[in-house]
Amino acid sequence: MTVDALTPKQITVGVLALQGGVIEHISLLQKAAAQLSSQQSTESSSTSTPQFTFIQVRTTAQLSQCDALIIPGGESTTMAIVARRLGLLDPLREFVKVQHKPTWGTCAGLVMLASAASATKQGGQELIGGLDVKVLRNRYGTQIQSFVGDLRLPFLEEEKPFRGVFIRAPVVEEIMTSGSSASGNTQDGSEAGQGGDEIAKLKERQRTEKVEVLGTYPKPQGTGEGEDIVAVRQGNVFGTSFHPELTDDVRIHVWWLKQVVERLR
Ligand SMILES: NC(=O)CC[C@H](N)C(=O)O
């Protein structure tokens, strides 16, 4: 069988539309898809670019049409409450952690995809999980401390820095291991408690799918040495602290769509 025969012809990518930059993500996805198909026609490569459809997701029926999903930014606490009310929280967990469909969370979306979070509201907040990491919410302070910073993202294989838009952004403060204490004040519906079964599952996943750090950013002055983790991937799950959809730089959307095609093959 040729590689082309394995490439899906139709891919539906959803953007969770409870809050945040939904239209912005869809617009960059459309540009990215156009770029992929024009690249393909000039490269005369042996694999064909699939036909992409981009949809907004507010219901379980819409989610079930999706092969891949973006969870945009917003306010993760509110997003979790709304998702719970709409009956979407468990289907989202199923989508990411059981069906293993490619999912990308930006900012609040990264928080939702973490197994644990700190600086949450009292009593914690519900999470989807999928990334064995603990995030620190609002790492850079409040809305007025939002900023744009140049990021070097080696996975883009280009020197040109990516303008990272950080708005009350989280960072990954801990990559969880089976011995880690990151049970915390949050629930992703599975690993949070870390009983025997969960530890075994976590160990198995860490053996097969490690959390990869794909981007870092220097810690702000006075908050310690070194770099904060602002982009991670574990298997099919990708998370960024910043908002690529608020720029006109299509590179991360192009990269992610290619990953989606690869992983659905
Ligand atoms: N811009 C954003 O998505 C902010 C995320 C927000 N601080 C949260 O934790 O949900």
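Backbone N, Cα and C define each Cβ position, glycine as well.
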**Complete:** Note: TrEMBL has GLY74, GLU75, SER76, ILE167, ARG168 binding L-glutamine, and from ARG137, ARG205, ARG207, ARG233 that site also includes ARG137
**Asked** Across all protein chains in the structure, which of the recorded positions CYS107, ILE167 has the highest Cβ count within 10 Å?
**Response** CYS107
**Fill in**
Residues sitting within 8 A of the centre of the GLY74, GLU75, SER76, ARG137, ILE167, ARG168 CB atoms (L-glutamine site), not counting those, run GLY73, THR77, CYS107, ALA108, VAL111, ASN138, ALA169, PRO170
**Maximum Cα-Cα separation (Å), residues GLY74, GLU75, SER76, ARG137, ILE167, ARG168 listed as binding L-glutamine** = 13
**Message:** For a quick check of understanding: among the binding-site residues SER76, ARG137, ARG168, which residue's Cβ has the most other Cβ atoms within 10 Å?
**Reply:** SER76
**Prompt:** Cβ distance under 8 Å to HIS243 (active site, charge relay system), same chain, sequence separation 6 or more: which residues?
**Reply:** GLY21, GLY73, THR106, CYS107, GLY164, VAL165, PHE166, ILE167
**Complete:** Same-chain residues at least 6 positions away from GLU75 (L-glutamine binding site) with a Cβ under 8 Å from its Cβ, in sequence order, are GLN19, ALA108
